[in-house]
């Protein structure tokens, strides 16, 4: 059978036209596309972007937080409609978009950021962008007048995807558009990790950017052409791009070739580092009409590594060549070369090129069943906690409030082991979703308004050890299967309508059987009531007497306020002291009208002053805009006027006059430890021995608060900026505004609102609101890591942003040089250093019960110091005081006293 050439060409034309029409239909369909106009009003209908035809919808329903804004009019003419509005996030540290996706699917994810001075502050923000629990990129808007686009190709592992904006400084994260485009799963595959956009060029001198609807996947192609080295080829013929990657026909309709027929086509780019891994995708199509004797064949190499020995592009059909494994370039400089083979009559050509760098996302997402269960519980109770966004368990610094998780390693999905929703204003019955937390060990639903019966399914959670349902309104009988569950501690008191056999509503420690308590418990309860009532009456009369006396001591300034300060003080007791009080005029005089500023903190400005023209002091004035207030002021005055220790900063006096509040301390000439570590104060770098002496003295001050005072005190804000140094570099602990007493007599903690500094904050305290002295131990562990490494506590540019996680990673390599401050130049005893590192990591144990006490810390640090002293190191202008100082528990009163 013979085929007429014209018939063949006609069939080919029909096929190509049909294929083009099919792609046009797909483009118009936008199937699977998610296009969010961030900051649109909730009731705003979807609209088509005039420049692309893409349909954008409001982001309402995809994010639970944030505020809306709009770029200034001066910038509106530069950007398309979807970029004019934005959503910014002034509250919380992590704010997340949650998107429903198809599991195990490659998605092109794009986030667009245009600052446009929307807030009128001319202060472009910088923040981190996370994909699920993993860092994607740091977005820095400084100098980006035209905005920035972040793009990644990522394979989903579940039916839900979180894109999170994380605050890293004082500025608020913001976003204009968020876009997802599903890709074919046989394209852009990697051995591991995701593909971060590096560049995407088509080789043409057209000057036109190309995206949707020309590109059915909405990739954006930028033109690139070197007129000095290349010749441009173009065609008006249709090109078949059915190879899966589907670069747009308009992209493939142009190409570049070397000007010289005998030349080599080359293209180079520079990667961030020599260790950066990348994937390269080369798109070819022969678009020149070849004569009968013409041949185009060339060799493809990348940095001398052969990719294709003899390649000839297909006529009017797209082919994509790529490496199946990630590549690296020496010194980060990459060179792609297309070299003409001896048999070729035509030079090589290149139509389009894509390069992506590899981002490894090592942290696995929380077990999807646990996530579904938690979200079901959240929906049942209508919980809207700002921390309940993104992955519930990871990264650890963003663990959801009230949760505890078991995160053994990055290769295992974290599981939820503890759920604490106490005092969360819950109503209704116990949520069914709780039964799906199959690894739960502790459940605390106390102090809510839950009703109904106690469900039997709680007994089916085999791992449960503690259930606290006290302080609710449950009724009915307790399931027998729950009463008989061995090893379970069941707390039920405070449920008046609950039928409790044998008095078990007082407490039930599961031991396989119920004990008879119907006689003993009423007697004990009656005696306890009498004791409590008597104590309460005695305390009332003592407190009333003290309050009257102390109010007189404080003077009329406590009752003459007409500002906000008075409102704050109306519920506070007066400062219980008869020690030195300065007038505001005296403060003005001692500071020479606030002439010399020493620093600034959360309380307010700190000024240099002198008392009696002889004693230097530091005067801390409460700013009217301060986040701290009279409560913290009062706490610090009362504590410092009652405790005296050589490693606690001394309080000379205070001022409490009208709206003017001031704390007057002894002057610490060498500022704080952080300034010395960072080099801000100049001078020589603190050597290892001096650093050890400073932390020994700081530990002694903290240990005194824990063990030398009655009741014991928790500092709650231990950090390097609160460790002050005098002229001899002796250390004293400062800033006691957040300090709290904690229980003794067998109690282990006090429940309190979380306070402290991010990075130093005990995660167990943050999670449970249970404060004890081990919270200070955790913070002190962070301080130890700072003096060891001289690293920032949180640094998003590190592989592990938090210093504890980073040191943990370095320790796995076993090389102390990776951890130690390089400015020490190895001048230290390695045994001393290792003991200090081990001590720091023990202080940072996730379980407070497994952390050492401050007494143990003092002993261990002195051991570290003895190792270093034995080496023969020299201290820096610091008197030798390395004796071990450990406080004893003397019961000397109800308030802290001098030891």
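Cβ atoms here come from the backbone N, Cα and C positions, even for glycine.
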Range annotated as transmembrane segment - as stated in Swiss-Prot, picked from 481-501, 502-522, 523-543, 544-564: 523-543
From the candidates 100, 795, the one which Swiss-Prot records as N-linked glycosylation site: 100
Of 146, 240, 266, 436, 468, 475, i.e. the glycosylation sites, those within 10 Å of residue 420 (N-linked glycosylation site) when Cα atoms are compared: 468
Residue numbers, six or more beyond the limits of the repeat 'LRR 3' (463-485), whose CB comes under 8 Å of its CB atoms: 417, 422, 438-456, 491-501, 504, 508, 510, 512-514
Structural state census, the repeat 'LRR 3' (463-485) (DSSP three-state): 4 helix, 5 strand, 14 coil
Neighbour-count leader, CB within 10 A, glycosylation sites: 185, 240: 240
Spatial separation of residue 146 (N-linked glycosylation site) from residue 468 (N-linked glycosylation site) - C-alpha basis, Å: 55
Around the Cβ of residue 468 (N-linked glycosylation site), the count of other Cβ atoms that are within 10 Å: 19
For residue 475 (N-linked glycosylation site): intrachain residues, at least 6 apart, with Cβ closer than 8 Å: 451, 452, 453, 495, 497, 498, 499
